[in-house]
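Notes follow the structure.
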Amino acid sequence: MSWRPQYRSSKFRNVYGKVASREHCFDGIPITKNVHDNHFCAVNARFLAIVTESAGGGSFLVIPLEQTGRIEPNYPKVCGHQGNVLDIKWNPFIENIIASCSEDTSVRIWEIPEGGLKRNMTEAILELYGHSRRVGLVEWHPTTNNILFSAGYDYKVLIWNLDIGEPVKMIDCHTDVILCMSFNTDGSLLATTCKDKKLRVVEPRSGRVLQEASCKNHRVNRVVFLGSTKRLLTTGVSRWNTRQIALWDQEDLSMPLIEEEIDGLSGLLFPFYDADTHMLYLAGKGDGNIRYYEIGSEKPYLSYLMEFRSPAPQKGLGVMPKHGLDVSACEVFRFYKLVTLKGLIEPISMIVPRRSETYQEDIYPMTPGTEPALTPDEWLSGVNRDPILMSLKEGYKKTSKIVFKAPVREKKSVVVNGIDLLENVPPRTENELLRMFFRQQDEIRRLKDELSQKDIRIRQLQLELKNLRNSPKNN
């Protein structure tokens with residue numbers, strides 16, 4: 001019997017990436033040089049936010065999407081943090097509300113005015129203090145309004161109820177820095193990866209670990225829930241230091257369903273999953289390419305489709321929500337690529353080639369919209385509900401009518417689960433101690449320079465006084 005290759009029938013087999021023309025890019029942006037493994041970019045249907053390089057604190061730009069082209073050097077910034085900004089995320093239900101976290105241990109909520117910023121914004125509508133070290137990640141709950149998760153270098157995940165401006169729950173099952181957080185479709189489960197090489201599936205309201213995998217052969221970096229398929233996908237590094245992806249059953253993390261090596265490069269692999277098309281995108285930090293796959297329900301589960309190639313390396317990628325896509329062009333996904341060397345933000349559209357210009361219902365099923373399914377009190381009481389879906393044919397231009405109201409509160413000690421979060425501090429890591437040491441050395445050097453300058457000035461004054469006393473007028 002002769003061997004015949006097996007061909008798969010897929011409507012996404014010929015998806016291709018299309019880079020926006022130069023006039024539709026965002027140019028002249030001083031993108032941050034921070035080496036933290038985040039995207040430093042967040043986008044929604046109205047605004048693009050990018051973390052920028054700044055001295056003496058942290059800042060980020062917020063640019064209306066229609067304002068493409070070159071951005072002026074003095075363009076207004078959001079600059080209220082005292083330390084570098086490490087992560088930013090737009091509220092999925094209120095398009096002008098953005099959360100940021102920073103090395104100054106705070107999480108802040110900002111309200112962007114209609115039409116964008118006209119001057120620098122330094123006052124947040126809400127400042128959240130609960131972490132004792134820098135905060136590396138923030139994530140909004142996918143179905144509940146005003147519930148925000150933050151992960152800090154104190155190994156804790158705090159759940160904030162923004163209606164009252166306080167942390168209401170704490171997840172403290174991690175023994176090292178949390179690298180990534182991902183929710184399932186209804187937000188009832190949280191998956192995390194950690195520097196302790198463990199993958200965890202957590203029930204967020206109780207903080208109980210439902211499943212845990214100790215990944216010795218596959219060192220996990222990033223994790224993403226694959227929609228409602230009850231599967232997880234992780235990216236990481238094999239024992240041979242090759243980049244690798246693994247597929248897991250969320251109810252049994254004892255062994256991965258499959259492991260697949262990607263290449264031998266060293267950059268972190270960022271996974272992006274589109275639950276509507278069942279497509280997985282893999283983008284490497286420092287790479288110029290984006291691979292994409294189709295996820296199936298049966299073996300081999302993962303089918304390679306194609307690869308988008310570009311010579312410019314990416315520092316991070318922002319992803320446009322579904323209701324912000326151009327359905328008339330059969331666009332199924334859109335990245336905003338950060339090219340640090342050029343100070344450029346480059347939109348990349350993933351397009352399904354179709355001849356017809358009519359709405360393509362088979363590639364645009366009902367998708368999560370801009371209306372929350374739950375209030376904070378409902379979710380905290382134990383209610384789970386799937387997201388409210390919308391059709392991109394009829395409703396993708398609708399905007400949410402929800403308005404964010406910041407609570408008025410006094411500063412006080414932050415007590416969650418009977419523990420004062422600001423008092424219960426884990427031991428400092430070696431890197432933190434080294435940073436403190438070098439900071440103190442710099443401070444000592446600065447003080448010595450100041451003293452020597454003052455000493456020189458005193459000598460000059462003494463010499464001037466001596467000259468005045470010896471002058472003929474005084475005689």
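One-based numbering along the chain as shown.
Note: Cβ is positioned from N, Cα and C throughout, glycine not excepted.
What TrEMBL records for 444-471 is coiled coil.
The domain 'DUF1899' annotation in TrEMBL covers 5-69. Break the domain 'DUF1899' (5-69) down by DSSP state and the numbers are 3 helix, 24 strand, 38 coil.
Counting residues 6+ beyond its ends, the repeat 'WD' (78-120) has Cβ neighbours under 8 Å at 32, 34, 36, 38, 40-47, 49, 51, 54, 57-64, 67, 126-140, 142, 145, 148, 150, 152, 160, 162, 321, 368, 370-372, 399-400, 402-404, 406 in the same chain. What TrEMBL records for 78-120 (among others) is repeat 'WD'.
For 128-170 (among others), the entry in TrEMBL reads repeat 'WD'.
Averaged across the repeat 'WD' (171-212), pLDDT in this predicted model comes to 93. According to TrEMBL, the feature repeat 'WD' maps to 171-212 (among others).
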Short question: which residues 6 or more past the ends of the repeat 'WD' (171-212) have a Cβ under 8 Å from it?
37, 136-137, 139, 141-144, 149, 151-153, 155-159, 219-225, 227-228, 232, 234, 236, 248, 250-253, 275, 373, 379-380, 382, 384-387, 417
Report the DSSP secondary-structure composition of the repeat 'WD' (78-120) as helix, strand and coil residue counts.
0 helix, 22 strand, 21 coil
